[in-house]
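Read the structure below first, then the notes.
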């Protein structure tokens with residue numbers, strides 16, 4: 001946005017009475033003059049709405065309440081842009097951008113893109129998006145020793161997420177790997193695919209699962225039989241699958257975190273009145289101060305899910321890879337939004353509820369990889385029961401009822417209310433999907449079949465024809481018979 005000079009209109013008209021004398025410094029005395037909210041009062045005067053209700057004004061008040069070093073002086077409400085005796089600019093603060101007045105003449109802002117960013121920023125923090133009617137960000141400013149949630153608090157979660165990645169690497173190296181040795185986690189012997197340029201190029205560039213027509217075409221190009229091409233792709237896919245040790249180390253890390261997080265979460269909420277009476281969740285909302293235990297519970301949980309999102313490309317990929325990404329993103333959005341909008345009490349209940357079953361699943365995986373089938377099956381049955389009770393009963397019929405119904409008894413629905421509950425529905429949809437997989441696994445357990453993770457890719461074995469060939473000619477190594485028990489024929 002710009003100001004008006006002479007008869008050429010470049011933006012909003014200057015308003016009289018702007019307060020002079022305040023400067024905005026950025027860096028070494030540099031001044032950023034941004035054209036934001038210059039016509040806030042003009043909009044208000046034309047519509048009859050108070051200036052404080054305009055998103056450009058209330059957004060900056062939100063930035064201030066969320067940790068910004070901002071000064072909103074009376075001159076701001078009288079229109080600051082364009083007054084040669086009292087120009088205005090912006091200063092970056094801890095949690096946002098706030099307006100300050102400057103005493104230097106202003107012709108046009110040097111950074112128009114920053115002006116647009118400032119406008120979007122103000123609309124983003126508009127009170128009507130985040131808070132119920134008749135409430136402002138000023139209501140959530142720290143006072144009288146009471147501390148409230150601030151958006152700037154979440155900045156620490158990104159460096160903490162990278163710290164989690166470092167701790168995870170150390171844990172997997174010095175704790176999970178020795179533990180795998182104690183539990184006798186053994187790798188399966190995998191036959192390697194013989195080097196073949198033609199097949200490798202198709203595997204990398206086209207498809208890992210060629211169709212029958214592709215197999216016949218590749219057979220002619222490579223000089224191999226159709227059976228050899230199929231065998232080559234099976235073995236090549238097996239090579240790309242994560243090792244058993246990698247799976248065990250990942251499950252060990254998640255088990256350790258989820259168990260500690262569940263214990264810590266219960267310690268945070270078990271003595272709170274809203275743990276026993278869900279109506280207490282909204283008592284006094286949103287003027288609810290945050291306890292140090294709630295702060296750290298939020299920061300650690302959010303940092304951990306950031307770390308999972310950062311490492312998802314290198315983690316074990318399962319059939320529900322896309323659903324896992326959706327889950328991590330939805331969880332991060334829910335935790336962040338509940339902190340912004342001070343849904344902290346509901347957030348702590350939801351996080352503890354999720355952690356209650358996750359550590360059971362990871363421990364079942366650990367014993368499965370170690371070959372302790374009976375222990376794995378027993379833990380899995382407990383996990384399935386806890387998962388179904390917490391995710392399909394308690395969450396939708398208690399927690400979601402608490403977030404959807406009880407707030408409407410206190411204030412009219414607003415955007416934040418709809419957004420939070422929409423993300424809860426997304427999360428619940430994923431729970432139903434995973435419950436379907438769990439029920440399938442439980443069905444196999446009841447019928448006496450081996451229980452394994454339905455989401456995991458299974459090792460592919462060569463077909464019966466090859467097994468018969470092994471019986472006749474002895475064991476194979478890369479498709480060739482073994483000459484004796486100690487030496488193999490090389491290609």
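Note that Cβ sites are derived from N, Cα and C of the backbone, with glycine treated the same way.
Note that this is a predicted model, so its numbers are computed, not measured.
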Of 337-357, 358-378, 379-399, the range TrEMBL labels transmembrane segment: 379-399
Transmembrane segment according to TrEMBL, located in which of 234-254, 255-275, 444-464: 255-275
Of 314-334, 419-439, the range TrEMBL labels transmembrane segment: 419-439
The domain 'Homeobox' (182-243) - residue tally per DSSP class, helix then strand then coil: 36 helix, 0 strand, 26 coil
